[in-house]
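Copied over from Swiss-Prot, here are the features:
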type	residues	note
ACT_SITE	Asp126	active site, proton acceptor
ACT_SITE	Arg128	active site, nucleophile
BINDING	Arg49, Ile50, His51, Ser52, Glu53, Gln70, Glu92, Gly93, Arg94, Thr114, Thr149, Lys154	GTP binding site
BINDING	Cys54, Cys65, Cys67	Zn(2+) binding site
Amino acid sequence: MSIKYVASSTLPTPWGVFDMHGFEDTETGKEHVALTFGVLDAETPTLGRIHSECLTGDALFSLRCDCGFQLQTAMQNIAEAGQGFILYLRQEGRGIGLLNKIRAYELQDQGANTVEANEKLGFAADMRKYDMILPMMEKIGIKQVSLMTNNPRKVKAMQELGIEVVQRIPLQVGKNRYNEAYLKTKSTELGHMMSEHHFSTDGES
């Protein structure tokens, strides 16, 4: 994989002004983004998140998943901490692409869960890769991470690339009546680490 840094700019947001760094995978043509906030120090743990693209959740405010809620909460947490980063990876639909994701949603509307839908379409449950994050991390100057995630695969991916994950910070937000079954499937079949309280019927997270 060949990741090339392209350019940087400021990105004003409701939570503060981030810096946006653009990268291109010259083999696939995919474009990835790193957002940074504040002054980053390679020698101290930095609050951060690896976030895979979710057009429906991030931009269209879908309640079928928790992605948009996680992205916004991560940005807010970083702004409140005064420094941090988000790697925004173009891996829509856990790596199957937008149109296949819509096909999977159609199967879910007919009763399949998120894993079953992917498999019925001939895909693995999660096809994402994370090898592109190392050159992105090197460019923004981060070696130690306090990682906001419920996904143990992201922790493992960073560790295998030689990035020290000092701690994992749960990011349990956005549960609602449309995505509760989806969140349960992520926990029971994909190994995401979520507390039982997150699935209680007493209110919504």
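Just so it is clear, glycine is given a Cβ too, placed from its N, Cα and C backbone atoms.
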Checking your reading of the structure: which of the recorded positions Arg49, His51, Glu53, Arg94, Arg128, Thr149 lie inside a 10 Å Cα sphere centred on Cys67 (Zn(2+) binding site)? His51, Glu53
Output, ordered by sequence, the same-chain residues six or more apart from the residue listed as 'active site, nucleophile' with a CB under 8 Å from its CB, or 'none'. Ser52, Leu89, Gln91, Arg94, Gly95, Arg153
Quick check: which same-chain residues outside Cys54, Cys65, Cys67 lie with their CB within 8 A of the centre of the Zn(2+) site CB atoms? Thr56, Gly57, Asp58, Ser62, Arg64, Asp66, Gly68, Gln70
Report, in whole Å, the straight Cα-to-Cα distance of Glu92 (GTP binding site) from Cys54 (Zn(2+) binding site). 5
Counting every protein chain shown, other Cβ atoms within 10 Å of the Cβ of Glu92 (GTP binding site) number 19
Cα distance, the residue listed as 'active site, proton acceptor' to Glu92 (GTP binding site), nearest Å? 11
